[in-house]
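Okay, structure first, notes after.
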């Protein structure tokens, strides 16, 4: 019996094309090994069925270069090693995979690639890295253009009425001494920054558990809130007497936006760092951001130098609004190309609904494309409410029979689920037991969608609950197998068990 083994390792080699110096480059070495021993001279080799035929060249090694080209080492009929150089357009499809993005950037000099991409790119990062970064760059450029226009409005508000300086703008014109006026102005300016810092403190302390579940959503909302903060800054030019109030509100909104942005960006960077190179991914992203900042500031200065723009507030405001809308659209597009293979509650809903209705699950690429980044959990149907007290689940009635029935139905599950009819909509109440895990949350979502899609009436509540559990018992294993086959990470679910209320069964009923 023969088999083939393919190994991929990183090696260091020297490019000697230039005699003046040696340049070290990263190469990917792929080795094809066969368990069949080398036959003696004249011996007939096996055919088809995965084995070699006598006289046919046999690839024993492929040396891959960073520019997408490759060198094949082949063993001919006389057992002599031959070298064949393949350009990046003609490399064997078996060896392409993640190297396609590298081949498409073959026109880029190696020094530039090393400067802007992590070492080992593209194999050291996820497949969506390049597309995301290419969209992030113009997004950051437009952000810095907007920032330049906003700064212009702030400075104009600081010196209004042709000659009043910053001290009068913040309300310290009555101070007799210049030093006292400057000190008071500095105190109020720092107070404005302090208010913004409180916003970041609140976000980090209160909402720190949100970002791992849905970083795309919170990164988008960060830009919305930051845009609102910039609007406050722009209005300081119209109402300079309220400069401190408006600037403080703007700073607070932008600080809240930064509090949402930074943790979300860390999660996205961690998604890219498939080789454990989070620090390098973050550093290279900084290179892209600073480059976009310099370009954006340059464009912003050109916009401000446009005749008539700085003197007309309506023109300035409409210019800012146009560029900001373009920025938000680019941000949405960049987040839309991200392909997370982890399962959060939003993606779990999509996967479960597909399996309940059609007995199939979409792959993580298709699911991420269909995912609505802006949708909030509370507005999704059916509405699921986690951590509901048992008294509310049984309708406020202290009925021993209802409690016993629920405990009996969910004796084998790590949660208790029931339904409530509100007008034409159905609400699902779920409470988790002490030993519940992320899989328990996924099971409860599967049962929720079966009840929502399959149950005909809520009148026979307990019968529907029992039937849904029987269906889940029969089909949930198939659901998990399909998730694995579609490329989803089922070992690390981003489905957190609410800890506000938990049920601890002390004795059977």
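A Cβ is built for glycine as well, from the same backbone N, Cα and C atoms used for every other residue.
When the ranges 14-33, 34-53 are checked against TrEMBL, the one recorded as region 'Disordered' is 34-53. Counting residues of the domain 'Root UVB sensitive protein C-terminal' (366-496) by DSSP class, helix then strand then coil, yields 64 helix, 21 strand, 46 coil.
Confidence in the domain 'Protein root UVB sensitive/RUS' (106-356), given as mean pLDDT, stands at 85.
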